[in-house]
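First comes the structure, then the notes that go with it.
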Protein chains: 4
Amino acid sequence: MKNIGVLTSGGDSPGMNAAIRAVVRTGVYHGMNVYGIRRGYQGMIDGDIQLMQTTDVSNIIQRGGTILKTARSKEFMTPEGMQKAYEQLQKHGIEGLVLIGGDGTFRGAVKFFEQYTIPAVGLPGTIDKDLSGTDLTIGFDTAVNTAVEAIDKIRDTAEAHDRVFVIELMGRDAGYIALNSGIACGAEDILIPETVTHIDELLNKIEADELRKKAVHIIVVAEGDDFGGATEVHASITERFPRLDVRACVLGHIQRGGSPTYTDRVLASRMGHAAVNALRSGDTQVMIGIVNNEIVHTPFTNVIKGTTPISADLIDMIRILSV
Amino acid sequence: MKNIGVLTSGGDSPGMNAAIRAVVRTGVYHGMNVYGIRRGYQGMIDGDIQLMQTTDVSNIIQRGGTILKTARSKEFMTPEGMQKAYEQLQKHGIEGLVLIGGDGTFRGAVKFFEQYTIPAVGLPGTIDKDLSGTDLTIGFDTAVNTAVEAIDKIRDTAEAHDRVFVIELMGRDAGYIALNSGIACGAEDILIPETVTHIDELLNKIEADELRKKAVHIIVVAEGDDFGGATEVHASITERFPRLDVRACVLGHIQRGGSPTYTDRVLASRMGHAAVNALRSGDTQVMIGIVNNEIVHTPFTNVIKGTTPISADLIDMIRILSV
Amino acid sequence: MKNIGVLTSGGDSPGMNAAIRAVVRTGVYHGMNVYGIRRGYQGMIDGDIQLMQTTDVSNIIQRGGTILKTARSKEFMTPEGMQKAYEQLQKHGIEGLVLIGGDGTFRGAVKFFEQYTIPAVGLPGTIDKDLSGTDLTIGFDTAVNTAVEAIDKIRDTAEAHDRVFVIELMGRDAGYIALNSGIACGAEDILIPETVTHIDELLNKIEADELRKKAVHIIVVAEGDDFGGATEVHASITERFPRLDVRACVLGHIQRGGSPTYTDRVLASRMGHAAVNALRSGDTQVMIGIVNNEIVHTPFTNVIKGTTPISADLIDMIRILSV
Amino acid sequence: MKNIGVLTSGGDSPGMNAAIRAVVRTGVYHGMNVYGIRRGYQGMIDGDIQLMQTTDVSNIIQRGGTILKTARSKEFMTPEGMQKAYEQLQKHGIEGLVLIGGDGTFRGAVKFFEQYTIPAVGLPGTIDKDLSGTDLTIGFDTAVNTAVEAIDKIRDTAEAHDRVFVIELMGRDAGYIALNSGIACGAEDILIPETVTHIDELLNKIEADELRKKAVHIIVVAEGDDFGGATEVHASITERFPRLDVRACVLGHIQRGGSPTYTDRVLASRMGHAAVNALRSGDTQVMIGIVNNEIVHTPFTNVIKGTTPISADLIDMIRILSV
């Protein structure tokens, strides 16, 4: 394989640039031409493609976002879009692809790869960590640390005012960011999609704490929690305790950005390196994952968006430590 | 003066602890007993008061929030509340007060100080910088830097996706946080209460930029802007440009917390030190301010909540630099 | 078991406070009295011991250092010292211990535990990650991220001046901090004790790079590297290339401090929780470790200070990515 | 004036990129061609010059270092070097210059400007704040905050171990970084070139503190202190108190790098904007400064490297607060 392309797709996540750097440099090292495809599949259709040199990825390992930009493409979901995309790959002689993004990035393109027989390897680039086949996704570690720093700041105010704060973190389908941020910040309650939220228990706990003069509560809630987000939780609390000083806070997009942590940089570097090696060895149509600190390959068709159950032991611990 | 009290009141701001430390240590150095009054005027009424030693303020200069906690007190607005508060001061022999907070902290208490003849000195502790009599308030510098770090993170995503972001910062009456954060982050537009917001101009600018393929826009808006906050601006943009990818983000309470910057720590230290000196010299019923890097005193009755006009030169610069 | 003690010993590491918090709260939850023993074994001898409540560990999960302080004790190495320490434990009725520190903390005390039949459980609290029986130690993740942030800053200057920087990181016996920081910062060279340093190869590489006008080099060296530290490497480079602008930088103690990352806080919480459970179930004289994300127990006598070989694949990757 | 050039020279400082951005955009706004001259005067001699567009300075306001790189040039000190430099300016039609750097950047070039009649305006870009004619220099605010964050981390360890730390900060001729960092971190002692260091007083203070069981000391020393740097202070302390646990730490180059604070970004933006305006209005051969928050101009020949005396009141305060 002589010419390969690399793209980022879906929501951006910190570490994508480190992955791009690793793909480009590993490819070049092995004598390949590595083409950067900008704006994901839409850029592929539009021919927004250019050859990348080793120096094009200098000094980007520490940058958030993605220098290749990312986008969603409806056109790519059509036969005409796929045909155009294929023609652009042909035009540049691109024989293989490295795809960095969430499950939609690989699974949404499986049909395309099959129809046009394109070898492809995926990297899990998403802050949500909601993919099977890997213990970690690129961006998760940074996102949790960003959330933790923000919650630490909010706790300063909560402690100063004896307030209740309901803080909503990202995670439409998975509660990993909320769960880990919540433990790390000593949150009094953590509401996630993986467990059933009993709002009455939460309210009773607040009442009990008020009685024993523990007035500070940090409640961390994943945006995809079954009961609702910060707005819904806030409403329930103020309805029951109208005199309590309760604030809701949606942390929002700051969780996606920022300079990646060392974990995300090393992970992205290893995965980008492994992706090119997988393309070279013909082990394709797989997502690169990391399981127990070893690189593993999972066929695209087996990559499932979802979460694993939270262990009873961990839930126990959370309850004990957040008194 | 032998016995003094110190309290924090109103919204907390980073650097309040540094100010408390300076008051306690300067007081103790001059042989005074310094009493910490917890939870502002409410704690004064409740007698939540204790003698502080030099070591009680060790290792707090770098902490956000306030170790004395803060609260708002309706009871203090009543004659009965004031009477109770006075009795508690009498009980502890407290002859003078250092008050750290916003304009309400000093001005709201002027009647109390007059009625009971209590010497008091105020420190401007608020992130909003919306007080006359001082170039800087304790917490402002930290709040702006916190906002800047958050917007930098959001820009990563904005650049990756070619998106428009509307980011709402604190500032109900003053746009200083938004103005300075916006300049520092290279925001394409900055909407503040001090200037009239012409939403049509903003929309036209977005249209023009779209035509020349500049798709990333960071719009920073102060919560007190005359047109509205992030929600209103977001609605206007999506109404006119329904296909544009626009996101709204309310930064919220993280702006209040966090370890103070050096500027806020040094400022708070100088002001706390100056407050005790003012009490000692009998120059009381004043707010300590800093003007052109010199400590100045402004009578409580002259402290006005408000903002100064933004210079035409600065507005010019913003327009030129944010192309 | 009704009364237990907890101490920190050896060098401090970020996350120790999170571990103390977990030990105290888990103990209290199970009806135990948890005694904090200050300044490690020296405090045990001196009787610097006090009962801890749940609230004593409020709001410390995010703090660096250790609220129990740490110290090294020569006296504890003597029979008299051990006898005194035992008497203090007796006096407080302490029946079991949780020890947080490096290998010396557990292994150095094995004799004491045996002689006086004291059940003890250890937690690996060290930034160096140089212990067998665990994939991670409390503090490592924070230390690497601190180093990475510092090196990122230095790279700004290196890029501005086209300079060579030799940066020495902690790690007397293990190169994990240097290895991971180096990969994460895109260091041009990484010198660690686990591999033989061929200084000539390094110098030849610099020469080759100079010829192709790549003037920026970040060389990360572990303090325990076989060739030497930053001073030695710096001397070798300037000897061979007297006209090159080369700077040496010893990062030093900032690597130990700071607010712990989420990984260290969650790890410390899980380990502290597990330690009390181990004491309760009688599974003692073990160090708590984490292997493949599961809690494991390793007998003190099997805990070895040391490092595992770096995989050839990783070394390959480093070489390829740092062109 | 139609064509202008901009360069950075001397040591890099955070905010230089913000200044470059402001110069380019203000110039382009006024219809000028703005040339970036890389590597300072050496790049001028070498003709390392290229036209810059508005988009070349997109997304750099938050970056440390300087995209134009910086260098020192001995060749420029020779008549031949100046002649070559002038020819390059002629070749590109450059009629005016904006110079960003320390005093050497402007003063060292005065002869060149005079001989060849080149209008030039300077911006104070140095972390040291050791220039007359301005209250602030670009990079100072960031450098102090970087130092403060580092010292906060070291204090964690100092508190954990009851240790004495001697921390050396940058400042060969001026103690501003050390002075402000020291106050902000609650340093027990601050040694700066502006005051005479009496090492005996320092040692006596340590002795007195030891007697009253205050074992933690942070001593901040400017590299240019009259007594010496961290090494010398460390040696004096260990000589007198051989049993004390004393550590020396040279903070080094991390102080130069990193993303600039809002203060440095806004300052650099204002100064860059003002510099182009000065060139346009013919008010040249001056350094732009900021005094009492207003832009001022100081003729190059009046710019003096030096420091102002520290006020007795401030020294008093430091002594009182650092008990």
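For all residues, glycine too, the Cβ spot is worked out from N, Cα and C.
When the candidates B:E95, B:E194, B:E201, B:E223 are compared with the substrate site entry in TrEMBL, which names B:T126, B:I127, B:D128, B:R163, B:M170, B:G171, B:R172, B:R247, B:H253, B:I254, B:Q255, B:R256, the shared residue is B:E223. TrEMBL names B:R72, B:S73, B:G102, B:D103, B:G104, B:T105 for binding ATP. Of B:G5, B:G11, B:G15, the residue it gives for the same site is B:G11. According to TrEMBL, B:R21, B:A22, B:V23, B:V24, B:R25, B:G186, B:A187, B:E188, B:R212, B:K214, B:A215, B:V216 bind ADP; the candidate from B:R155, B:R240, B:R243 that the record adds to this site is B:R155. Here B:D103 (ATP binding site) is compared against the binding-site residues B:R172, B:G186, B:E188, B:R247, and the shortest C-alpha distance is to B:R172. In sequence order, B:T70, B:G101, B:G102, B:T126, B:I127, B:R256 constitute the residues six or more apart from B:G11 (ATP binding site) in its chain with CB-CB distances below 8 Å. On the 0 to 100 pLDDT scale, the domain 'Phosphofructokinase' (B:3-279) averages 96 in this prediction. Each of the binding-site residues B:R72, B:M170, B:G186 was checked for a CB under 8 angstroms from a CB of chain D; the ones meeting this are B:G186. Note: B:R247, taken in sequence order from the binding-site residues B:R21, B:R25, B:T105, B:V216, B:R247, have a C-beta within a distance under 8 Å of a chain A C-beta. One way to see the shell of the ATP site is to take the Cβ centroid of B:G11, B:R72, B:S73, B:G102, B:D103, B:G104, B:T105; the remaining same-chain residues with a Cβ within 8 Å of it are B:S9, B:G10, B:G40, B:G101, B:G108.
Across B:G11, B:R72, B:S73, B:G102, B:D103, B:G104, B:T105, which the record gives as binding ATP, the greatest C-alpha separation is 15 Å. Considering only the binding-site residues B:M170, B:G186, B:K214, B:R72 (ATP binding site) has B:M170 as its nearest partner by CA-CA distance. Within 10 Å of the Cβ of B:V23 (ADP binding site) there are 31 other Cβ atoms, across all protein chains. Put simply, of the binding-site residues B:V23, B:R25, B:T105, the one whose Cα is nearest the Cα of B:M170 (substrate binding site) is B:T105. For the substrate site listed in the record, the two most distant Cα atoms among B:T126, B:I127, B:D128, B:R163, B:M170, B:G171, B:R172, B:E223, B:R247, B:H253, B:I254, B:Q255, B:R256 lie 33 Å apart. Under DSSP, B:I254 (substrate binding site) is assigned to a helix (H, G or I) in the three-state scheme.
In this entry, ADP is bound by B:R21, B:A22, B:V23, B:V24, B:R25, B:R155, B:G186, B:A187, B:E188, B:R212, B:K214, B:A215, B:V216, whose most widely separated C-alpha atoms sit 60 angstrom apart.
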